[in-house]
Amino acid sequence: MDGSPGIGVVVEGGGLRGSFGVGVLAELATWGARLPLPITHLFATSSGAPNAAFFAAGQIEDGVRIWNERTHGRELIDFRNLVGRGDIMKIDELVEVFRGDILLHGERFAADAGSPELHVSVTNVETGGNEVLRATPSNVHALLTAAMAVPIAYGRPVPVTHADGRTRGWYIDGGFGAPVAVREAVAAGLAKILVVLTKPAGHRRKRNTLAAFLQGRSYPRHPLARQAIADKWMHYNATLDLLAELEATGKAYVLRPPHEPPARRLSRSKEAITASIELGRATLREHADALSGYFAR
């Protein structure tokens, strides 16, 4: 979408906590004419990326269906693969669902398709830097795979070609450098920004040297990627500080769950995932008046 500034939506991931985010987006999709401006941009990280992709493609209920049908039990997380050759998080299988059984219409990410732009946060393993790449019909599936390529549970870089069709890099989950891609939303010059977090207010990260060491072992040839993993806690807390500033000055509306969602990062319970989706829907409904007021200002 081109033209006058519109609304940008920034979507956090957080593993299976992303089920809260898809509930928020599903409820937001029902607003229609209640929005004073069109949603023109989505920025997403980790498990928030497929949520944003299905929203941008006009298929958010398909996104909800994926959470309801393809993420519980051993559908997505299979701890038996700790001692096997398979991935603990079956990201490749999930993205194949997007190609077939619950088809994500990739053609809707063409520059002239009239859909909101989708920008996905990923980490370049060669530089350790965060990059927020635009999805296109040709790269969207690789980009979603990279966004969810977490250490240990998936543990290998994913090749992604940029929107220019020429530049190519190797990427993993972008949550290390930009756990919430709000800086890019601000830089886009949008009229309004809605930020969807998946942790309640007051959450902060602490340095965890052991976790960083274990996760970094997934990338023995990429020391800068290991450093990005070690620095994740600092980037996360700095992002929360920025969000607090944007919220206080009316430059963004930050929507958080009122309490810990039933689904945690590695939840496999269908009941917890479904309850988190419904919590997302309910939370947006509870914020409807305040959010409408923010959009109208």
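Backbone N, Cα and C atoms are what each Cβ position is placed from, and that goes for glycine too.
Because TrEMBL annotations are produced automatically, they should be read as predictions rather than curated entries.
Here TrEMBL gives motif 'GXGXXG' for one range in the set 1-6, 13-18, 127-132, 259-264: that range is 13-18.
Confidence in the domain 'PNPLA' (9-186), given as mean pLDDT, stands at 97. Residue density at Asp173 (active site, proton acceptor): 28 other Cβ atoms are found within 10 A of its Cβ, drawing on all protein chains shown.
The Cβ of Ser46 (active site, nucleophile) has Glu12, Gly13, Gly14, Gly15, Gly18, Ser121, Ala147, Met148, Val150, Asp173, Gly174, Gly175, Pro179 as same-chain neighbours under 8 Å, each 6 or more residues away in sequence. Here the motif 'GXGXXG' (13-18) has, by DSSP, the following mix of helix, strand and coil residues: 4 helix, 0 strand, 2 coil.
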